[in-house]
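Scroll down for the structure; my scribbles are underneath it.
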Amino acid sequence: MEYQILKMSLCLFILLFLTPGILCICPLQCICTERHRHVDCSGRNLSTLPSGLQENIIHLNLSYNHFTDLHNQLTQYTNLRTLDISNNRLESLPAHLPRSLWNMSAANNNIKLLDKSDTAYQWNLKYLDVSKNMLEKVVLIKNTLRSLEVLNLSSNKLWTVPTNMPSKLHIVDLSNNSLTQILPGTLINLTNLTHLYLHNNKFTFIPDQSFDQLFQLQEITLYNNRWSCDHKQNITYLLKWMMETKAHVIGTPCSTQISSLKEHNMYPTPSGFTSSLFTVSGMQTVDTINSLSVVTQPKVTKIPKQYRTKETTFGATLSKDTTFTSTDKAFVPYPEDTSTETINSHEAAAATLTIHLQDGMVTNTSLTSSTKSSPTPMTLSITSGMPNNFSEMPQQSTTLNLWREETTTNVKTPLPSVANAWKVNASFLLLLNVVVMLAV
C-alpha cells in the first residue's frame with residue numbers, strides 16, 4: 001500500500017514539471033504577476049514564444065526581443081487585453097490576433113504596410129501604436145476599429161493622410177512623416193478628435209474645409225512644414241481657420257500674413273470710406289470741442305495784385321481737442337492743403353484719434369506796397385488711443401507739421417471785428433463799381 005502511494009506521488013511530481021501551463025507555472029524566461037495573468041517577457045533575446053503561457057493571460061509584453069514573425073501564434077489567447085510587441089524585427093502585424101485586444105503597441109519595427117486584414121475584426125481595440133516603422137501606406141476599412149481612440153502613426157514614411165479613420169478617435173499623431181496632402185473628406189468624420197499632430201512633415205497648404213468638422217479639437221501642431229506663404233490663394237483657408245478656431249495652435253505658419261489678416265479683420269474700414277488714405281477732410285467729429293479760445297477767426301482770401309487793402313492786424317490762439325473716428329490706415333492730409341509735411345508714424349490702429357491743435361498763432365500782418373508771403377507753422381499732434389479689447393497693441397504717435405501761406409505785412413492796428421470787416425468790404429466794392437462806371 002505504501003509502495004503504491006509513493007509511486008503515485010512520484011508520478012504527480014513528474015507531472016508538475018511536464019505540464020506547467022495547466023498548473024499555472026510561469027515560463028522561466030518571463031516574470032508573471034496577478035496570478036500569472038500578467039506576463040512580462042521583455043528584453044530576453046527571444047525569437048519564439050516561450051512555452052508554458054496560460055491561455056487566460058490578459059497582459060503580454062514581448063518588447064525588446066528578436067521576433068520576426070508572430071503569425072497565428074497568439075490566436076488562442078482569447079482573454080488578451082494588452083499586447084506589446086514593440087522594438088522587435090517584425091515586418092508586419094501578426095495575423096489573426098485575438099479580438100479581445102484593447103491596447104497594442106508595435107512601435108519601432110520594420111513594418112512597411114498596415115493592411116486592411118491587419119486590423120479587421122478588431123472592434124474592441126482602443127489604442128494602436130505603429131510609430132517608428134517604415135510605413136508607406138495605411139489601408140483602413142470603414143466600420144472596423146470602431147472603438148479606437150488613439151492612433152499613433154508618427155515617424156514613418158507616409159505621404160498622404162490615411163482615409164477611413166474611425167470616428168471615435170480622440171488623438172491622431174501623424175508627425176515626422178513625409179505628408180504632403182490631405183484628400184477631401186479625410187477628416188470629415190473625426191468630430192470627436194481633440195489632438196492632431198501634423199508637425200515635421202512636408203505640407204505646403206491645407207485644402208478648403210479640411211478642418212471644418214473638428215469641433216472638439218483642443219490642440220494641433222503645424223510647425224516645421226513647407227507652407228507656401230507667398231501664395232495667398234493656397235494658405236488663405238488655413239490662416240482664416242486658425243483665427244476662428246478655439247484650439248491651441250502650436251507652430252503658427254506664416255505669422256506675418258496672419259498678423260496682417262488679424263489687423264484687417266479687427267479694424268475694418270468704416271462704411272463710406274472708399275479711399276485707402278485716412279484724410280482730415282473726410283472725417284467727422286464724434287466728440288465736442290473741449291475748449292476753444294479765439295480772439296477772431298481769420299479767413300484767408302485771395303486778393304488780386306493790382307489792389308491794396310488797408311493795414312490790418314489780427315491774431316488767433318487755438319486750443320482745441322477733437323476726437324475722430326479711426327481706421328487702420330495712415331493719417332495723412334490732403335496734398336492741396338499743405339506744402340510740406342512730416343509723418344513720424346504710419347500706423348493708426350486705435351479705435352479713436354485725439355487731435356490737438358497747439359500754438360496756431362498768426363500775428364504781425366499788414367500789407368505794404370510790395371506784397372510778401374511767409375509760412376506760418378501749425379502743429380497738428382495726433383496721439384492714437386488704445387481700444388479696450390486690444391491691450392497688446394503698443395500706443396503710437398503721429399506728428400504733422402503743416403505750413404500754410406499767409407499774406408503778411410507789418411503789424412500796426414488791431415484786428416477789426418467781423419462786422420467792421422463786412423463794412424470795409426462793402427465800401428470797397430461800392431468804390432470799385434463807381435470807378436468802373438466812370439471808366440465806361
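Cβ coordinates are placed from backbone N, Cα and C, and glycine is handled just like the others.
The signal peptide annotation in Swiss-Prot covers 1-24. The domain 'LRRNT' annotation in Swiss-Prot covers 25-55. The N-linked glycosylation site feature in Swiss-Prot is assigned to Asn45, Asn61, Asn103, Asn152, Asn176, Asn189, Asn192, Asn234, Asn364, Asn389, Asn425; the stated evidence is sequence analysis. Residues or ranges marked as repeat 'LRR 1' by Swiss-Prot: 56-77. What Swiss-Prot records for 124-145 is repeat 'LRR 4'. Residues or ranges marked as repeat 'LRR 5' by Swiss-Prot: 147-168. The repeat 'LRR 6' annotation in Swiss-Prot covers 169-189. According to Swiss-Prot, the repeat 'LRR 7' annotation covers 192-213. Annotation source Swiss-Prot lists repeat 'Ser/Thr-rich' at 229-270, 271-292, 293-335, 336-377, 378-416.
Distribution of Swiss-Prot features across the structure.
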| residue | record | Cβ contacts under 8 Å, 6 or more apart |
| --- | --- | --- |
| Asn45 | N-linked glycosylation site | Asn65, His66 |
| Asn61 | N-linked glycosylation site | Val39, Asp40, Cys41, Ser42, Asp84 |
| Asn103 | N-linked glycosylation site | Arg81, Thr82, Leu83, Leu125, Lys126, Tyr127 |
| Asn152 | N-linked glycosylation site | Ala107, Leu128, Asp129, Val130, Ser131, Ile171, Asp173 |
| Asn176 | N-linked glycosylation site | Ser154, Ser155, Asn156, His199, Asn200, Asn201 |
| Asn189 | N-linked glycosylation site | Met165, Ser167, Gln213 |
| Asn192 | N-linked glycosylation site | Ser167, Lys168, Leu169, His170, Gln216 |
| Asn234 | N-linked glycosylation site | Thr204, Phe205, Ser228 |
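Long-range neighbours of the repeat 'LRR 6' (169-189) within the same chain, counting only residues 6 or more positions beyond its ends whose Cβ lies under 8 Å from a Cβ of the stretch, are 131, 148-163, 195-204, 206-207, 209-211, 213-214, 221.
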